[in-house]
Every structure is written in C-alpha cells, then in structure tokens.
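J.: According to TrEMBL, the protein has these features:
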type	residues	note
DOMAIN	7-177	domain 'CSC1/OSCA1-like N-terminal transmembrane'
DOMAIN	198-360	domain 'CSC1/OSCA1-like cytosolic'
DOMAIN	371-643	domain 'CSC1/OSCA1-like 7TM region'
REGION	728-756	region 'Disordered'
TRANSMEM	6-28	transmembrane segment
TRANSMEM	101-123	transmembrane segment
TRANSMEM	156-175	transmembrane segment
TRANSMEM	373-392	transmembrane segment
TRANSMEM	421-444	transmembrane segment
TRANSMEM	465-484	transmembrane segment
TRANSMEM	572-602	transmembrane segment
TRANSMEM	628-645	transmembrane segment
Amino acid sequence: MATLNDIGVAAAINILTAFAFFIAFAILRLQPVNDRVYFPKWYLKGLRSSPIKTGGFASKFVNLDFRSYIRFLNWMPQALRMPEPELIDHAGLDSVVYLRIYLLGLKIFFPIACIAFTVMVPVNWTNSTLDQLKNLTFSDIDKLSISNIPTGSSRFWVHLCMAYVITFWTCFVLQREYKNIGSMRLQFLASEQRRPDQFTVLVRNIPPDPDESVSELVEHFFKVNHPDYYLTYQAVYNANKLSELVQKRKKLQNWLDYYQNKHSRNPTKRPLIKIGFLGCWGEEVDAIDHYIEKIEGLTRKISEEKETVMSSTKSLVPAAFVSFKRRWGAVVCSQTQQSRNPTEWLTEWAPEPRDIYWDNLALPYVQLTIRRLVIAVAFFFLTFFFMIPIAFVQTLANIEGIEKAVPFLKPLIEVKTVKSFIQGFLPGIALKIFLIVLPSILMLMSKFEGFISKSSLERRCASRYYMFQFINVFLCSIIAGTALQQLNSFLNQSATEIPKTIGVSIPMKATFFITYIMVDGWAGVAGEILRLKPLIIYHLKNFFLVKTEKDREEAMDPGTIGFNTGEPQIQLYFILGLVYAAVSPILLPFILVFFALAYVVYRHQVINVYNQEYESAAAFWPDVHRRVVIALIVSQLLLMGLLSTKRAARSTPLLFILPVLTIGFHKFCQGRYQPIFVRYPLQDAMVKDTLERMREPNLNLKTFLQNAYAHPVFKAADNLANEMVVEEPHPDRTPDLVATKRGSRRLHSGSAETFT
C-alpha cells in the first residue's frame, strides 16, 4: 500500500514528466518545420502560411529568435484569451461544450474540496481507530479517511451532512449547466448557416415492390404523402467494394510518390523492387514503372465498378436521403410515423454529410438487432476477461504480493526508492498501458453494430468505454485491491469481522487512484499537447511522400477531440471525486489539478490543432449529464453500505432519501431539457424558413442539395448526380395524382394512396 512518501515520489515523477513535456512542446512548436504539426487548424482554414517560405536557410528550419524561448509558457494565457462566442465560430459547438465538461468538474469539486478540507479532514484525522486495529495494513494518508472513525461514532453525522451537501450542490450545478447548454444549442441551430441536413431526412427499411425500384418507390411515396414540401431525394448505393478499390489505389499512389521522390534525389539510378512475397524475393523490376502499371489497371477496375454500381438495381440499398423545400417539412417528416406498419419507412434526421459512416448504410436494417445482440455478448466477455490484467495491476500496488511471486527480487524491492516507485507510480502506468488498445476494440464493436454516423459511433463507443471503466477500473480495482491488501486480515479473523474490515479498507484504495490520476490526468494530459506521434508521422510523410503543397496538407494529422475516449475518461474522475469526497477527501486536490490542467491544454488544442469531423450541436450532453448522475447515485449507495459496516444505524436510513431525490432530479431534467437535444422545434424551423425566404426569395435550394448526400466515391461522377436528382413537380399538377408503374393495378382516389 502506498504511503505518504510513495505518493510524494509519484507526484515528483509525474510533475517532472509533465514539466518536461511542456518544455519540449514549447521548443518544438517554435520551430518552423513543425508549424503544420502544432497549428494545423489555421492552415486548414487558410489563415496561416508556412514560415519555411521566408527568411534565410537556417531560419527555415530553426527559430533563431531566442527571445521567444523565454516566453515558453505564453501559450497558456493565449489558450484562455479567446472568448466563448468566438470559439464557437472557430471550432464549433461540440468542441466548446466538450471543454465545458472540464469546467463542470471544477464547478462541482472546488467548493466540495473547500468544505471537505475545512470540516471532513479534521473530523477524520482526530481519531486513532486504525492504530487500534490489528493485522490491518494502512498508511498515514489513510488516517484522513472515514476509515479512521470508530465504529458507531456520532461523528458519522458529519459524513451524512456532507453527502447531502454534495448531492444538492452537484444537482444545482448540473441543472444550470443543462439549461445553459440547451440554450446554447438552440441559439447555435438558429444562427448557423444553411446546411443540407437541415432540409433532409434519412429514410430506412423501404419495403420492396415488384413493380418499382427503390428510387421510383421513394419518389412516389413522398410526392403522395408530402406533396407540399417534398423536393428531391438521393438514393443510397452499396459502394463498399468501390471504396476499397479507391483506398487501395491511394496506397499504391503513396508508394509511387515515394519512389518518384527517391528517383528525383538521385536521377542517375532508377529504384528497383522485387515483386515476390513481401518484396523479399522474386523478379526485380523498375519500381516506378511497376506502380504506374498497377495504378492504371486499378483505375480501370474502379471505372468498371463505378459503372456496375450505378447501373445495377442490386446496388441500391432500401434507404434514401429525402430533402424538402422547407426545414418545417423535414422536421415534420423526421418526427412522425410515415406508414401504418411502424417498421417500414422509418425516418430520422439525416446526419450532416461529413458525419455519415457510409459503410454501414449498406447493412440491411433487419440485421441490426442481431448484430447488437452479438456485440452485447462480446462486450460482456471482454469486460470479464479484462478483469485479469486489472487484478494483476492491483498486485503491483501490494509489495507483499510481489515479493511472494518473485522472492528473488525481494532485496531490490525493499530499497526505499524502488519501493516508492513501485507503489506510487508503477500501478498507474501499468493500468494506463492495459487500457491503450481498448478504445480501438470498442470502436470496431460499434461499427459492427451498424450505426450510420460517426457521431453515433463515438457516442456508443463512449457508452461502452464508460461501462468498462466503471466495472473494471473502478469496481474491480476496489474489490481486487481490498482482497489482496487485507488477505492476511481475512485469514486471521472471524467471519463476523470481515464486513468491518471491508468497510475500513475500501476508503484506503484512494492511494491507488491517486497514483492513477497523476499518471493519466497529469502526465497523460501534458503528453497530449506534445503530439509526439503526429510529429513523427508528419516528418516521415514529408520526407518520403510529399511532392506538392497539397500533399503536404494531406500529411497533416490534426486529429479530433476524441469524444469516444476522452469523455468516459473524464467521467471516471467524476466517479472518483463524488465517491471519495465524503470518504477520503485527499483525492479532491489531485482531481482539481486534472480538470484545470486538462481545460487549458484541450482549449489550446481545440483552437490550434483539432479539426472536428462533424458537428452535432452538443447532442452528446444528455449522456454526460446522465453519467454524472449515475456517479452521484453510486457514491450515495457506497456511502450507505460503508456506514452500515460501521454500525452507524441512526444515520444510514436518512441516506435512502438521497438516491430517490437524485433519480427524481434526473427525471425532471430528462423531461425538461432532453427534448431540446433530440427533437427540433417546429416553431424555430418556421422562423428560420420565413427569414430565409425574405432574405433570399430566389434561392435555388434544389441545386444546393442535389449532390450533398452523394457517396464520396461518386462526387466526381456528373452522370450519377443527374440520375439521382428528381424533377420538381409542376406547381399546377394535382398533388394526389402521381403516375406510377402500378397505375394499371391500383386506383388513385381523391386522397393520398395508403402504404402498408
């Protein structure tokens, strides 16, 4: 178990590591050759030019202005200087609201920490319970926790009152934040420029018809049932094979660029390659000619596949993007049932074009339930089997366990510095390493489930990651760590004393989480700003593949804010802070440092680096709110169980009220604010439509929308765009009479045709 000295060693290591990262970043960001790595967002916006083009030869690669090195931390005030409205225009609402999660942590935990250290710490410290217990492993830092309060003590009323303060303050802050972000979302939607998704709905599970193709069926259905507002549609094609060919050609083009650059550096020698297995053996040929030939052949295949996809009805997916003349029409269509059969003609808001994950649009709708069931089972087993490495991490926090497993290392482990390193630093870094590969696995699972937008993929991945963090990192670490640390106590006491030992031991796991917070929340956040991996990849691409300025722009990797991994990680800190605030307040300063440092670092990254792939207008906030509420309820239940083991019978019943009040608060927020993030108000849609008609009476909306939802691999195909644009009906045409191939079999009456 980590002692106060071990925590000090870990803090020193992580502070020095973070400071080293900041120093390295401050130096690297000033070098002209790294300008595109640390300021890619400004290049993508066309607001920054490369400093390499100006100055002397040396100044193109190295910053010779030594005065700039003195102000190496000036990026921090610069990151805080941009006001929030300007930041929304610059980076979007998603990025700004994501940053507000860090501010939410500061708003919740700073007042709680002040009260806890003023009231709770003196109450816990002025006892000697731990000193009186035999066979119990503890350190001086544990005397600051509730474990140091004697069984049945009246001092538990202080912890009960603290639980009420934490609950009411957290709910107050959450309600204000939900209200403010809801207002920001409505204001953003009202003020943003015209976008294709404002007029478009995605229609799925279109029923088959023997007389009409999917395209004809869509046109007929919406002309009949939405005669006043229907404008056009774009069919969805299964172009996954074509996308694979395009990606393969891109890789071949990279190799061709590499060998052409290599030849340009040494024109007297043509590069040669072997065309056998992995290029290790086989016939030796001219590399440039070889890749030119392969690219030409693949280009012909792409052209043929494109023609096949466009001409074959089998390539059409039973889905379509349907656009309307007014936003009002799109709102009505997306939020109403279209058919008597509720499983057909399913409509939803279309994601913005850059948000669509095209590979999953080709999946049959009937498969989605099966796929999600399969992934639910797979996730269960993934969570279960990951408990093994988590339990291993807990053994690293237990010196006795390591010495028993590897007794020959006992002399080395007993060295004071080594022991402090193992207990104060190693468990946190080991857990961080085990979790590196997890987000990639969870994203693959989300893609298999069939979500059709990148935003929904990230939200589902975040949900899974949060569940995993809660079960494995939080609960498993507490249970496994307590069992390992107090194994000797369990074996040498009666069964009736075991619950008491558990009640004392759980708060003492705070030391493990402190080491994890310092590794992940201090050094990890500081490492994020260094961008070491993108820096190396950019210079490798720049040296081997870049030939033009366009190639150099493509070599930049601005990345995104990473909601699928970042938000669940933040939620872990909310769980730890709320659970341990009334149990072991020593965690709170470490958590506050994380939220403050992360806010500054990620604000800098949002301003200068990250380029979001989509804009959902903060649609993820209900998930954030719900998870903080879950963390609050978990903290109440754990405190309730903890007090029951401490025989605080008189105070425990009063804790039953808190989960009920918290659930009621969540239901209130769910009914009052969540609809803002799910549906679009008809009133706002009508206002926006009216203003647009007044400002642009001659707007040709059909031209604006006709290619908006064409598959990216078809963007260059003019004939495809012409095929997918449907002619607008003449205004004098009777809306309830629509010519179809089924006219000989079906009689059109004065009312719209019924689809079942």
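Cβ atoms here come from the backbone N, Cα and C positions, even for glycine.
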J.: Which of 101-123, 156-175, 373-392, 572-602 shares the most C-beta pairs under 8 angstroms with the transmembrane segment (628-645)?
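T.: Out of the listed stretches, 572-602 contacts the transmembrane segment (628-645) most.
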J.: Taking residues 6+ outside the transmembrane segment (156-175), which of them lie with a CB under 8 Å of any CB in it?
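T.: Counting only partners 6 or more residues beyond its ends, the transmembrane segment (156-175) has Cβ contacts under 8 Å with 104, 107-108, 111-112, 115-116, 119-120, 123, 146, 149, 578, 581-583, 625, 628-629, 632, 635-636, 639, 643, 646, 648, 651, 654-655, 658, 661-662, 665, 669.
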J.: What residues elsewhere in the chain lie close to the transmembrane segment (572-602), defined as a C-beta under 8 angstroms and at least 6 residues from its ends?
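T.: That would be 18, 76, 79-80, 98-99, 102-103, 105-106, 108-110, 112-113, 116-117, 120-121, 141-142, 144-147, 159, 162-163, 166, 170, 469-470, 473-474, 506-508, 510, 513-514, 517-518, 521-522, 525-526, 528-529, 561, 566, 627-628, 631-632, 634-635, 638-639, 642.
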J.: Near the transmembrane segment (373-392), which residues from the same chain, at least 6 beyond its ends, have a CB less than 8 A from one of its CBs?
T.: 430-431, 434, 438, 441, 445-446, 448-449, 464, 467-468, 471-473, 476-477, 480, 484
